[in-house]
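Below: one structure, written as structure tokens.
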Amino acid sequence: MCGIVGVVSHTPVNQLIYDALLLLQHRGQDAAGIATNHGSHFSMYKANGLVRDVFRTRNMRSLPGNSGVGQVRYPTAGNASSEEEAQPFYVNAPFGITLAHNGNLTNWEQLKIDMFKNDRRHINTESDSEVLLNVLAHEIQNATTGYSLDPAAMFRAVAALHKRVRGSYAVVAQIAGHGLLAFRDPFGIRPLCIGFNDTEQGTEYLVASESVALEGLGFRFLRDVIPGEAIFIDNDGKLYNQQCAENPTLNPCAFEFVYFARPDSIIDGASVYATRLKMGEYLAEKIKRQFTSGDIDVVMPIPDSSRPAAMELALKLNIEYREGFIKNRYIGRTFIMPGQGVRRKSVRQKLNAIASEFKGKNVLLVDDSIVRGTTSREIVQMARESGAKKVIFASAAPPVKYPNVYGIDMPTSSELIAYGRTEEEVCREITADALVYQDLDALKRSISDVNPALKSFEASCFDGIYITGDISRDYLDRVEYARNHPKPQNEDVIRSQLNLNLAKVD
Ligand SMILES: O=P(O)(O)OC[C@H]1O[C@H](OP(=O)(O)OP(=O)(O)O)[C@H](O)[C@@H]1O
Ligand SMILES: NC(=O)CC[C@H](N)C(=O)O
Ligand SMILES: [Mg+2]
């Protein structure tokens, strides 16, 4: 999941975009970038790392202009460590376009080939987002004649893009000298919303992955971008919009509500916090059916994401809620870190147990989800080392059994602890005394109860149903193979050649 932001203002936007990216940092920790537009000139700076580490004062000074886009990246395609694949991306024709993308295209490899053969466009990275930018550029080229670019032409281009591209995409793009284009895929998988701020110079607009970025910067929430819709804000601050997809439907990603989004965001009309409280409530009902009152002495959250669910669960069970794990706030989210080794080490660095809270007690540990099992294994161990009598584990989400191809980096089933295992087997794996998972139906109700207009969800990691309809077994096998056999990067090739030569010398 990445975080994206786009702004059209009447004053310089570099600091505003930086601040918005800080508010979206939880969505991506690998790379950050900003591109601003000043007259017909783009300035861009991007690099690997957290927002606060990527941008120095000199970088910020080099980003003039009253409009711009930014991104924090959590890679799902291409090469996670490549700075070249940090976003935004830039293409010089037509007009000059910069783009930031949240999501994952499922047909990007085929599109890359088509682009080269039919459109004669060269894509220089393994990023699906660079492919997306080139499709957009090609379709804008097709939709326009001469230098003029009216909103209608832009909307024709987005309509053509929807026909070519598959997968999930929430996008902000700047067209040099013209304005900001934002659009969302026809299934509405990834979130995108728009806010405004009335200033003396006129209205300024901010488009962002989550409403927390609007609120935190003093913008007022206008609305969510509708699935398939495109919004264009010209550089004078005039807003145009049009539905560009033929059969749009709203299917927000259920995992945003479980884990990704900040609890203080509102996504597609549902407060993330309220949905997490509901998850706790439904989980409490299930626990009540399976355990009797003396079985659990204390309920504890695994900080941070599970706190609202654990708190509500304790309340509904009428059992004491205690914080037994303290989080080191300087360690990032472990789930979105690249590589299992880093993840495992980070759990122990990140969470530490207060032994007195565990000694002699039957503890119910609550997490929002169990994905690879890295966190739960370590946590159960830590609870035992701290003297817990019994450790019961509860997950506010159902078992994650299937790969995700829409922007959450879990492309292979083999890495998922619940894949091919029964709940009893997972329980044994994480060495808990008992394990309770939320039912999928209850998870969906947790979101629908908060906004009844939300009836359908992208929940493929729980049920294996891929709503875009283009995901075959063969496709998943290919993704799994590619993940397990990464293409050697230049540096790796050099190193392996060096090793070979050294072996010869030996
Ligand atoms: O089963 P796993 O593969 O370990 O993944 C699941 C865990 O990862 C996430 O925590 P994370 O540390 O990323 O962030 P948080 O502080 O927001 O909970 C999530 O909240 C679970 O605790
Ligand atoms: N998580 C995301 O939204 C990733 C965006 C894009 N697919 C990338 O890998 O950079
Ligand atoms: Mg967690």
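From the backbone N, Cα and C atoms, a Cβ is placed for every residue, glycine too.
Please treat TrEMBL annotations as automatic predictions, because they have not gone through curation.
What TrEMBL lists as active site, nucleophile is Cys2. When secondary structure is read from DSSP and collapsed to three states, Cys2 (active site, nucleophile) falls in the coil class. For Cys2 (active site, nucleophile), applying a Cβ distance below 8 Å and a minimum sequence separation of six or more within one chain yields Arg27, Gly28, Gln71, Val72, Arg73, Tyr74, Gln87, Ala100, His101, Asn102, Gly103, Ser209, Gly407.
TrEMBL lists 2-236 with the feature domain 'Glutamine amidotransferase type-2'.
Annotation note: Asp368 (Mg(2+) binding site) sits in a coil segment as assigned by DSSP. Annotation source TrEMBL lists Mg(2+) binding site at Ser305, Asp367, Asp368.
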Additional residues surrounding Mg(2+), by Cβ distance to the Ser305, Asp367, Asp368 centre under 8 Å: Val258, Tyr259, Pro301, Ile302, Asp304, Ser306, Ala309, Val366, Ser369, Ser395, Ala396, Ala397
Count of other CB atoms lying within 10 Å of the CB belonging to Asp367 (Mg(2+) binding site): 23
Overall pLDDT for the domain 'Glutamine amidotransferase type-2' (2-236), taken as the rounded mean: 95
